[in-house]
Amino acid sequence: MDLTHDLTSVIAKSFGLFYLIALSVGITVYAYWPSLGKRFDKAANSILDDEDGPCR
Amino acid sequence: MMERLTGAERQIALIICVVMAIVGLVMAAAGHGDPMGSHGAIVLIAAGITTFFVLRAIGEPEPAEDRTVDYYDDPTKAGLVIALFWAVVGMGMGVWVAAQLAWPDLRIDAAWSSFGRIRPVHTSGVIFGFGGNALIATSYHVMQRTSRARLAGHVSPWFVLLGFNLFCIIAASGYLMGVTQSKEYAEPEWYADIWLVIVWVVYFVLYIRTLARRNEPHIYVANWYYLAFILVVAILHIVNNLAVPASLTGAKSYSAFAGVQDAMTQWWYGHNAVAFFLTAGFLGMLYYFLPKRAERPIYSYRLSILSFWGIVFFYIWAGSHHLHYTALPQWVQTLGMTFSVMLLVPSWASAGNALMTLNGAWHKVRDDATLRFMMVAAVFYGLSTFEGSFMAVRAVNSLSHYTDWTVGHVHAGAMGWVALITFGSIYSVVPLLWKRETMYSWKLVEWHFWLALAGTVIYVFAMWNSGIIQGLMWRTYTDSGTLAYSFTDTLVAMHPYYVARACGGALFLTGAILAAYNVYMTIRHAPEKRPERDYPTSSEAVEPAVPAAE
């Protein structure tokens, strides 16, 4: 099958749309998943005091 | 600095230097009579200088330090100093280029000093020389701190840093000799491109290996931005530079793409160079150094995740807005335009997140010029991303494209956002890395801030005026349907703005020179800071676990 302009435009207009929607839903769910809140807070605060040297 | 490498590491460094010298020799011999030959000589000299430093250390005793207790900051320090050197060179070239447009006699009538050759020295010098070195240096800093792990390797960080600078030197010297593949921000020819791929793969592996050693369950968001910068720039660079050399002994090559495909590939690369080199990497800087300096965690960590993925997946489609009204299919242009408008959401989410982090700490912004650099950078990030989305709309683009408005937009981003966040980060990290109490002179930081801000505002306003006048003159018709103004008429109208632009750039350059001086004096003369932190002590450590009575 040739990779024609028509074919690529059909892929872009169908699959391209749906995978971006799926991605944005997936990422929003991940970012707002309740049980991850503590981990994110810890990460956000972890950089404020990090000069005490590496652990390994 | 090479004394801190172990004997085995010094040997590896020496082998790399020797291989480089052989490559340089082959290039010089094979490319004799071509610019490639001169580049071979440059590679040979660079390898020679590095060999000298390695050889000087090779007989020294093994380092006594305990590598488990401290971060490895030598390459970071070197990278920051090199970045400031490139800032002065790149911005100096920029002022000269701007002055040539205002006063054409400054072209001084040599081939190498023509506008077309020194302009890419300016753009590459600032973007890759200043920006690239600052990104590499700060990424070494951030990846170690956020992972609580030392760099995974001691030779590879030097290889990446010095190898990248060799690329920059080959690029800049090539432009002066007339070597270019005529692709914006991708001008260097095939052998330089291959070399950059090698350096970049080592950089990526180093980053991943350091993250793999991390002692934090979650990878802090700044690392995501730095990694997106490294990974996507690699993909863009490889695809856009696919080319067939005309001869293996010469610099000239031909692109693998033709016609509008070539244009689309170039602007897919070009706009994503803006996205992933000039945005993602510097957002990594912002997400680490701004909360750190403000001593407050980022306002919303969740929002930073959302905006990260938004930026990554929207930007990659936006490049076709550079090709409105061309042979590119209309729907591809519309696609690029739509994604560019959508990009406003994650971009403003990042800018807003940064400003909301400062909400409640405005007194710190008032008192601390370093934090003010970062605050104004976030504001300019918001402004220039709004402007960019607006200019990508086809109707606006019909006025703005090919005019100085585009130049103004790029500089609002490069000066107002990229350079200011970099200077802010440098000022916050230099005293820390060299263990000084503060910068040598806070007054100079304050001077730098106002010079940089004034320079940026003058520059951007001059280019807005110039660009819109230029665009309107180009599209003004007489009653009989002919163009009302000749091209020369537009140049005469733009002249005062060109003078203003050169002045704005000169102010910005002055600020950068002050920064370089201030950093130099901090390293040399600022009082040392006694460490406050507790050093973890192991049984072999030299320090006693209980300090002796004072």
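Every residue, even glycine, has its Cβ placed from backbone N, Cα and C.
Take the Cu cation site that TrEMBL assigns to B:His321, B:His322: the candidate from B:His237, B:His271 listed for it is B:His271.
Ranked by Cα separation from B:His411 (heme b 1; low-spin binding site), the binding-site residues B:His271, B:His321, B:His322 are led by B:His271. In this structure, the CA atom of B:His122 (heme b 1; low-spin binding site) is 18 Å away from the CA atom of B:His271 (Cu cation binding site). Using a 10 Å radius centred on the Cβ of B:His322 (Cu cation binding site) and all shown protein chains, the other Cβ atoms total 23. Rounded to a whole value, the Cα-Cα separation of B:His322 (Cu cation binding site) and B:His409 (heme b 2; high-spin binding site) is 13 Å.
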